[in-house]
């Protein structure tokens, strides 16, 4: 995953890693991570810090080394990319830009994609995604629908 990062990104992450690695030993401890996160206005619990370290601690050392840090950053970047793609897709469906996808908007986009759907099929799609039963799909509902496995 880290192999998809540019040299420029890797250099930036090396700089950030050095900020985290307060004692310069080449590893970030949960304590160092906590210090930096608090300086950035975050207030993680000890358990949250351990989870973050554990998420990328491939060698089980209890700390994050630079390759593990790169892996974490690459994953975070990939996650934010897909978030932007979902937002973009929502805008395509939300023709009038009111923050909701109506049955008419869904039918219009699906027809343009070459999908001939009956009114019942469109209504069923809306009903499936519409958690609060207001007859349309808001952004949160759309994200949930798009990210469900």
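Positions of Cβ are set from backbone N, Cα and C atoms, glycine also.
The domain 'EF-hand 1' feature in Swiss-Prot is assigned to 8-43; the stated evidence is sequence analysis. Per Swiss-Prot, the feature Ca(2+) 1 binding site maps to 21, 23, 25, 27, 32; the stated evidence is sequence analysis. The domain 'EF-hand 2' annotation in Swiss-Prot covers 44-79, and the record cites sequence analysis as its basis. Sequence annotations record features per position, and here Swiss-Prot assigns Ca(2+) 2 binding site to 57, 59, 61, 63, 68 based on sequence analysis. Residues or ranges marked as domain 'EF-hand 3' in Swiss-Prot (evidence: sequence analysis): 81-116. Among the features that Swiss-Prot reports, Ca(2+) 3 binding site is placed at 94, 96, 98, 100, 105. If you look up Swiss-Prot, you'll see 116 marked as N6,N6,N6-trimethyllysine. Annotation comment: Swiss-Prot describes 117-149 as domain 'EF-hand 4'. Sequence annotations record features per position, and here Swiss-Prot assigns Ca(2+) 4 binding site to 130, 132, 134, 136, 141 based on sequence analysis.
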Confidence summary for the domain 'EF-hand 1' (8-43), mean pLDDT rounded: 85
Cβ within 8 Å of the mean position of the Cβ atoms of 21, 23, 25, 27, 32: remaining residues of the chain near Ca(2+) 1: 20, 22, 24, 26, 28, 29, 63
The domain 'EF-hand 3' (81-116): DSSP-derived helix, strand, coil residue counts: 23 helix, 2 strand, 11 coil
Number of other Cβ atoms within 10 Å of the Cβ of residue 61 (Ca(2+) 2 binding site) across all protein chains: 12
For residue 132 (Ca(2+) 4 binding site): DSSP state (helix, strand, coil): coil
Cβ-centroid neighbourhood (8 Å) of the Ca(2+) 2 site, 57, 59, 61, 63, 68 excluded: 27, 53, 56, 58, 60, 62, 64, 65
